[in-house]
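J.: Can you read through this structure? Questions will come right after.
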Amino acid sequence: MTDSIISLTHLVKKFGKQTVLQDVNLDLMPGEIVGLIGPSGAGKSTVIKTALGMEVADGGSATVFKQTMPNRQLLSRIGYMAQTDALYEALSGRENLQFFGKMKGINKKNISTEIKHAAAVVDLTEDLSKRVSGYSGGMMRRLSLAIALLGEPELLILDEPTVGIDPALRRQIWKELGSIRDEGRSILITTHVMDEAELTDRVALLLGGRVMAFDTPQNLKKQYEVPTIEDVFLKAEGVQS
Amino acid sequence: MRILAIATRVIKELIRDKRTLTLMFVAPIIIILLLSVLFSANSTTNVKIGTVAVSKTIRSNLDNTKHVAVKTYDSKKQAKKALKDEKIDSIIQKKSSGYSITYANTDSTKTTAVKMAFKNAVTEDTMTTMKNQMGTMKTQLQTTASALTKVEQLLPAKTRAKLASQASTPKTTTKVTKVAKTKVTNHYVYGDSSTGFFDKILPILMGFFVFFFVFLISGMALLKERTSGTLDRLLATPVKRSEIVFGYMISYGILAIVQTIVIVMATIWLLGIDIVGNVFNLVIINLILALVALAFGILVSTFARSEFQMVQFIPLIVIPQVFFSGIIPLDSMADWVKDISYIIPIKYSGDASTAIMMHGAHLSTLGLDIGVLGGILIVLTFLNIVGLKRYRKV
């Protein structure tokens, strides 16, 4: 896997005495959507934080764009969306986008076209001037996603992006994610919604700090002899316990 | 670029938070006005003294003292009852061996006032007695002199002439010695006769307001960034940790400048306080203090998990600052207590502001205060930049 975007090999992460990640092996190729599924507390967020360089691996290696994380400069090429909406509620939607755009280092000329595009994807164009404090939960989620999309990053890391978003918009977002993949950019996404996992190119099943299975949805279903990813999830969890 | 973007964002958020903004600018003015009223009204203590079997002169002497009222009681028992009912503040009883004084002592300033008044009254009484005695002596002298003349006239003419030739008769003219009243003219280097405790604490108070509000609001702001996840999101961009800290410094620095100007203007226009030095210098000192407060706020916010926990740091960090800032005179305290004040930022800003407001000191003469504040600032800022590593490892 020489040209992989993200490469985690034998990753170990401990918090105090608790070992959260025991041996995580994961790679993300250009133009690929990898879904990360697993029960709460399995370590999904820790995998993401290590990939972003917010945490440092205690063992194994974590490289992004072939460089070892943490690396501050690489962050300009990554779009990140956290589980929490993480927005400045006193500011308007546009001001939030502008601020994070500047932080990402997008140059002034492109920033307004970038904002226009990102807002259009998440269907927020008309509400950009409103303060975020007046947004509904779904609107906040969409704005949060729009911030991650700013600057056309080569890698998107999305932590539960579609929570609280209605089905029609969710479909639209997945369509956009699909076209991002088709441009050759990569996406690492965590989700609780199992039918979303079916839409990814490969699914990593994280259980107890280990990647139990990592393959295409079709192969996983075949391997576990079940009809859906949800059943794969339940079966794998059953084996664990 | 990023520093400025962060600073503008923080300012925007502050400006839109109308209530906090009002609090920052209106609350200090209200408190300063209140304190000014409180301290000017409280500068005199009125005491009521009950007397038992005390001579009339001492009673009237006491009564003539300013802010002292005298009430005479027939017996100690009655006086004691009055004392218990808080009608009087102390009892003075004349006994054969001297005076016995009972103080309510619920207010030490009143006790001191009574002691002073009584001491003066007794001194005055002694003086009057002495004066009277001197008067008596004078009349006695006059009587002796006239008696002498009479004796002289009874003597035979010859002896009289002899006597006259020997010594001229001492003319006993009684000069009325007027004690010339010493005239005292008061000159005040700072302020006027109405300058009091309030003027002394004002420079310190000003620093305190800046410190308190910047500490609390910046700490809360950073805490909110952390709990809402915006800090994580911010750190997921290539922004430097130092850029975040400096961005906050610029925005809260501006806020502190505006706040200081508002407070200074309020004290000049509303209270007519005399500021000898340059207001600009005052702003500079408070700006440095605000940056120290900001650094404190950011540092402390990392130890707080919620806004409530942040508020819990006020008695731990802010209140001791007031105690050692110089509002309570430190000169009379034990050495080790004085030593604590050396690590209190408000002490230095208070000293510097006092020097500017009362002595018209220039910044260049305040090198020590500015230097220490600057030192604290640099150390705390460094700690904050390193401390952000908790949230991102680069």
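Each residue, glycine too, has its Cβ placed from N, Cα and C.
Please treat TrEMBL annotations as automatic predictions, because they have not gone through curation.
TrEMBL feature annotations, pasted as is:
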TRANSMEM  B:21-41  transmembrane segment
DOMAIN    B:161-391  domain 'ABC transmembrane type-2'
TRANSMEM  B:201-223  transmembrane segment
TRANSMEM  B:244-273  transmembrane segment
TRANSMEM  B:279-301  transmembrane segment
TRANSMEM  B:313-330  transmembrane segment
TRANSMEM  B:366-388  transmembrane segment
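Looking at the shown structure, can you explain where the listed features end up?
T.: Proximity of distant same-chain residues to the transmembrane segment (B:21-41), defined by a Cβ-Cβ separation under 8 Å and at least 6 residues beyond the stretch ends, is recorded for 14-15, 194, 196-198, 201-202, 205-206, 209, 213, 217, 255, 258-259, 262-263, 266-267, 270-271.
Same-chain neighbours of the transmembrane segment (B:279-301): 206-207, 210-212, 214-220, 222-223, 226, 245, 248-249, 252-253, 255-257, 259-261, 264, 310, 313, 317, 345-346, 349, 352-353, 356-357, 361-363, 366, 369-370, 373-374, 376-377, 380-381, 383-384, 387, counting only residues six or more beyond its ends whose CB sits under 8 Å from a CB of the stretch.
Using a Cβ-Cβ cut-off under 8 Å and counting only residues 6 or more beyond its ends in the same chain, the transmembrane segment (B:313-330) has close neighbours at 201, 204-205, 207-208, 211-212, 215-216, 219, 296, 300, 303-304, 337-338, 340-341, 344-347, 350-351, 354.
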